[in-house]
Amino acid sequence: MHTSDPSNTATDHQQQTLELSIELMRRDSVTPHDKGCQEVLVERLSPLGFVHEFMYFGDEQASGRDAQVKNLWARRGNQDPVVCFAGHTDVVPTGNPDNWRIAPFDAKVHDGYLWGRGAADMKTGIAAFTVATERFVKNHPDHNGSIAMLITSDEEGPSINGTVKVIEVLEARNEKITYCLVGEPSSTDSLGDVIKNGRRGSLGGILTVTGKQGHVAYPHLAVNPIHALLPALAEFSVTEWDKGNDFFPATSMQISNINGGTGANNVIPETVEVVFNFRFSTETTEEELRAKTHEILDKHFANTEATYEIDWKLSGHPFLTAEGKLVDACKVAIKDITGTDTQLSTSGGTSDGRFIAPTGAQVVELGVRNATIHQVDERVEIDDIGKLAQIYERMLEELLLG
């Protein structure tokens, strides 16, 4: 039921969300750095009764994959259901700032848009949920259940010391999330037209084929790994892995890199390397993809002196949140605020939802339009950020009242 105070106008939501968005966006929090964004959120959440803890994972002295990551877990209440907003304060690099119409960390309003890195992905989403929570708690201080925020600064990077580690801590102490709203920019043509109720899995591999180096004029004295690879690669690239289902397209395999050769035109190389990636549906498991890949390669390498090995990396399993209370809350809120009948989708890349869904939580991604994410001149419509805060507030009403 809709119980918001009539004074909760779109203008109020918009101004408050805009101000907080700008405060967050002016901090150049390129992965894995948070640059104080999480402290800003704590300052807003603590007066509402949130209890917070910062969780640090990784090496404080390291950089790259092993760098220390700061994470925030903040919660109000200790009862079920737990409605959690999951997001990230880190952003991707800007590239050459001279190519931007407005400097990427100036966070300025122009032509009806808020411009800057993190505008769409995803500091406005964090700001919108914070404002929605402030208004919801003010109007309903004795609401059912709990509200939580899980914020990391390691979503755009390796994603090894961020959400996945926080979830491990929560699981170890049996602290469960019931409904998880991931604030990734899910919308396509208009706010709320698409929500993600699942994501494909991602399985990558580096295939290295080893032969014997030699002179191209004496191939009988060498083993050409490229020649050994080609027949296997031909079959590998056209294999149908599954047909998909009602929620997911068919599993796809794409080759992104092939590296071989010494640079000389008269040398048979010793090795060739192929980088590939599966985006897979719930119709196929990681184990099945690995087994079928090895079956293809074993068949083709059986009659050659070349050998192969694969270095596998699983980035995430596929997940799907069927229609239920969380999806219904999204649909109702979007319809009430925008008049749009939203569409469910599992397209796109991976998100941190892949770490949360295996705990049993219902997970949905809902945020602003994604047309300019990771691009020069990233921006978001000013009108949308206020409406997003309204949508989030309506969802809290649907999930935690009555």
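Residue 1 is the first one shown; counting continues down the chain.
Just so you know, glycine gets a Cβ as well, placed from its N, Cα and C.
Within 10 Å of the C-beta of His88 (Zn(2+) 1 binding site) there are 32 other C-beta atoms, taking all protein chains into account. What Swiss-Prot lists as Zn(2+) 1 binding site is His88, Asp121, Glu184, and the listing cites sequence analysis.
According to Swiss-Prot, the active site annotation covers Asp90, on the basis of sequence analysis. Sequence-distant neighbours of Asp90 (active site) (same chain, 6+ residues apart, CB-CB distance under 8 A): Ser29, Val30, Thr31, Pro32, His33, Asp34, Thr152, Ser153, Asp154, Glu155, Glu156, Gly157.
Neighbour list (Asp121 (Zn(2+) 1 binding site), Cβ cut-off 8 Å, at least 6 residues apart, same chain): Val91, Val92, Glu184, Pro185, Asn370, Ile373, His374, Glu378. Taken from Swiss-Prot, the feature Zn(2+) 2 binding site applies to Asp121, Glu156, His374, supported by sequence analysis.
When secondary structure is read from DSSP and collapsed to three states, Glu155 (active site, proton acceptor) falls in the coil class. Counted within 10 Å of its Cβ, the other Cβ atoms near Glu155 (active site, proton acceptor) come to 27, all protein chains included. Here Swiss-Prot flags Glu155 as active site, proton acceptor, drawing on sequence analysis.
Other than Asp121, Glu156, His374, the residues of this chain whose Cβ falls within 8 Å of the Cβ centroid of the Zn(2+) 2 site are, in sequence order, Val91, Val92, Met122, Ile373.
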